[in-house]
Amino acid sequence: MASTRCLFTILLGITTYWTLFSLSLGNPGGLFLFPQFYDHTCPQAPAIVKSIVEMAYAKDPRMAASLLRLHFHDCFVKGCDASVLLDTSGTMVSEKRSNPNKDSLRGFEVIDEIKYALENECPQTVSCADIVALAARDSTVLTGGPSWEVPLGRRDSLDASVQGSNNNLPAPNSTLSSIITKFKLQGLDIVDVVALSGAHTIGDTRCASFRQRLYNQSGNGIPDFSLNPAYAAGLRTKCPSSGGDQNLFFLDLVTPFKFDNQYFKNLLVYNGILNSDEVLFTQSAQTMELVKLYAENNELFFEQFAKSMVKMGNISPLTWPMGEIRKNCRRVNHH
């Protein structure tokens with residue numbers, strides 16, 4: 001009887017393994033991700049990521065927003081697969097060269113440092129894609145934002161898509177319908193659009209990203225009517241009609257280094273610096289109500305932001321046997 005039970009257990013294990021293996025082959029998202037993925041293979045991984053992110057943030061408080069943005073710019077292109085980290089190589093053009101990323105996306109050296117530490121601790125075990133996801137969560141917490149359990153088990157892509165980066169990421173001057181469409185294509189809804197836009201409670205933007213609102217919003221030489229005139233006048237002093245493209249401005253002028261719901265309060269008084277921010281309040285009754293809700297209730301915003309970040313982190317991840325665990329996040333392994 002005991003041997004029969006033992007044989008049954010072995011057969012059940014084999015059947016389960018092959019079922020999961022088959023599912024992973026037939027499903028572009030592969031197997032499900034889960035927070036305990038490295039508990040046995042690299043238990044120190046989350047602590048190592050956290051400690052290096054903390055050091056980077058201590059040196060440069062802007063880095064928190066940069067690492068959070070890196071996750072977003074990775075996931076929206078080919079899924080959360082660390083394709084954004086790859087340098088140009090051979091015929092493959094790096095996503096770092098795309099219009100949304102060139103001269104603005106940063107944090108790559110911090111990811112390199114984390115990867116180096118993890119390769120010393122547990123070689124070829126933790127993916128670059130998972131590092132980016134963990135670093136985004138840790139950056140949010142460091143600035144006073146919510147925490148969440150990060151589902152893990154992503155693997156790294158073997159290529160990049162500069163075209164996908166140019167086409168899939170919402171632009172700072174996008175209309176609301178365009179933003180909603182781009183989120184919808186990734187399986188994210190209107191609630192996710194508004195909640196994830198709240199990441200702009202920290203970080204900076206460049207003069208080039210909002211200049212048209214100050215001088216020529218609709219091609220008729222008139223500033224954007226939905227931008228507070230007093231705020232616009234202050235912005236013009238450092239963002240001229242030509243030149244100064246790289247001049248930096250806080251996305252949230254009130255609490256620029258604190259993750260809170262001030263971003264939404266700014267939108268209520270037309271102090272959203274980017275067109276893609278202010279349209280949440282001006283172009284749709286549904287998004288306007290969500291903006292008001294999050295402006296009134298910080299706890300509700302935090303709760304939804306955490307949920308939406310987990311949802312975003314689940315966009316088309318590569319899981320075994322797809323992709324690889326890169327030894328160096330900037331290039332694919334030699335096969």
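Keep in mind that glycine also has a Cβ here, set from the backbone N, Cα and C atoms.
Keep in mind that what you see is a predicted model, and the values were worked out from it rather than measured.
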Checklist outcome for this item: If you consult TrEMBL, the disulfide counterpart of C207 among C128, C239 turns out to be C239
Item to check | Neighbourhood of H200 (heme b binding site), C-beta criterion under 8 angstroms, separation at least six | outcome: L251, D252, Y263, L274, D277
Item to check | Set of same-chain residues at least 6 away whose C-beta sits under 8 angstroms from C329 (disulfide bond) | outcome: A82, L85, L86, F108, I111, D112, K115, C128, I131, D156
Checklist entry - If one measures from the C-alpha of C122 (disulfide bond) to the C-alpha of C80 (disulfide bond), what distance in angstrom results, rounded to a whole number? => result 22
Checklist entry - Looking at Cβ-Cβ distances, which residues of the chain lie under 8 angstroms from C207 (disulfide bond) while being 6 or more apart from it? => result K238, C239, P240, G244, D245, Q246, N247, L248, F249
Next on the checklist: Nearest by CA distance to C80 (disulfide bond): which of the recorded positions is it, out of C42, H73, P170?
Outcome noted: H73
Checklist entry - How long is the line from the C-alpha of H73 (active site, proton acceptor) to the C-alpha of P170 (substrate binding site), rounded to the nearest angstrom? => result 10
